[in-house]
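Let me begin by presenting the structure, written as C-alpha cells, before commenting on it.
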Amino acid sequence: MHNRGMSSPSSPLSSSIADLRKSYERAELGEEASHADPLRQFDQWLQEAVAAQVPEPNAMTLATVGADLRPSTRVVLIKGYDERGIVWYTNYGSRKGRQLAGNPFAALQFHWVELERVVRIEGRVEKVSDAESDAYFASRPLDSRIGAWASPQSEVISGRGVLVANAAKYGAQFLLQPLRPPHWGGFRLKPDRWEFWQGRKSRLHDRLCYREETPGAWVRERLAP
C-alpha cells in the first residue's frame, strides 16, 4: 500500500529525474598541468572559482561519523587554509562538534558546479588555538557574534521565538562587545588525502588523487572515473 503523496519508482516524476543528464566539456585535468603539491592545486582551483563568480565558492560539505557509526553531513564555510590544513568555525556542542570530539576524522567536499569541478579532502581534525578562534570571532559582524550565543545549535527548541528571545537577551547583555562563547571556535582538518575531479565528456572524467606517504611527501595518482 502506497502512502499518498509519495511517488513510486515508475512515476512520471521519478522518470524525469532519471533522465536528467549533462555532458561535461568545460575543461580537463592532466598530470602535466597540475601541481605536485595538492595545496597549490586547491588554491588555484579555489581562486578560479572566486574569479568565475561561482555562488559561495567557499561552501563545503563536511562529513563526520558519530559513535553509532552513522555518517552525517552539513555545509560549512571555509575560513582559512595553509600548509597546516583547512579551517572552519562552529559550535563545539553541535552534532558535528560532538562527533568530531569522539572521532577526530572527517571529509570535506567542494562542488563548483559551474566549473564542473569537485575537490574532496580527508584527514584528521583538531581544534584551532583559542587565539585563532578569538581573532576570527572578533572579526565577525555583531549579529553573527550574538547569534553564536543565542543558538543552542543542534538542540531541539520549541520554536523560532526561542532564538529571537535569546538574541535580544544577549544583545542587551553584551551591547557592542560580545566575547567568544566557550562552546564556539574553530576546527582544522589536516589533509592526508586529496582528490581533484574534473568533469569530462562521455563520463570519462579526470580524477587525480594525492596521498601523503610521509609528512609533506605526496604521491599523485590517476583514478578511474
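Glycine is treated like the rest: Cβ placed from N, Cα and C.
According to Swiss-Prot, the features are:
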BINDING   ARG21, LYS22, SER23, TYR24, LYS79, TYR136, ARG140, SER144, ARG203, LEU204, HIS205  substrate binding site
BINDING   ARG74, VAL75, VAL76, LEU77, ILE78, LYS79, TYR89, THR90, ARG95, LYS96, GLN153, SER154, TRP197, ARG207  FMN binding site
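Closest to ILE78 (FMN binding site) in space, going by CA atoms and restricting to the binding-site residues ARG21, ARG140, ARG203, HIS205, is ARG140. Restricting the binding-site residues ARG74, VAL76, TYR89, GLN153 to those with a CA within 10 Å of the CA of HIS205 (substrate binding site) leaves an empty set.
When the Cα atoms are compared, ARG95 (FMN binding site) and ARG140 (substrate binding site) turn out to be 23 Å apart. Counting only residues at least six positions away in the same chain, the Cβ atoms of ASN58, VAL87, TRP88, TYR89, TYR136, GLY186 sit under 8 Å from the Cβ of LYS79 (substrate binding site). Note: the CA-CA distance between VAL76 (FMN binding site) and ARG140 (substrate binding site) rounds to 15 Å.
For ARG74 (FMN binding site), the nearest neighbour among the binding-site residues ARG21, SER23, ARG140, ARG203, judged by Cα separation, is ARG140. A 10 Å cutoff on Cβ-Cβ distances gives ARG140 (substrate binding site) a total of 15 other Cβ atoms nearby, all chains included.
Of the listed binding-site residues, namely ARG21, ARG74, ARG95, ARG203, HIS205, the sparsest CB environment within 10 A is found at ARG21. Of ARG21, SER23, ARG140, all annotated as binding-site residues, the residue with the shortest Cα distance to TRP197 (FMN binding site) is SER23. When every Cα pair among ARG74, VAL75, VAL76, LEU77, ILE78, LYS79, TYR89, THR90, ARG95, LYS96, GLN153, SER154, TRP197, ARG207 is compared, the largest distance found for this FMN site is 36 Å.
Sequence-distant contacts of GLN153 (FMN binding site), defined as residues of its own chain at least six apart whose C-beta falls under 8 angstroms from its C-beta, comprise THR90, ASN91, GLY93, SER94. Residues ARG21, LYS22, SER23, TYR24, LYS79, TYR136, ARG140, SER144, ARG203, LEU204, HIS205 are recorded as binding substrate; their most distant pair of Cα atoms lies 43 Å apart.
Within 10 Å of the C-beta of VAL76 (FMN binding site) there are 17 other C-beta atoms, taking all protein chains into account.
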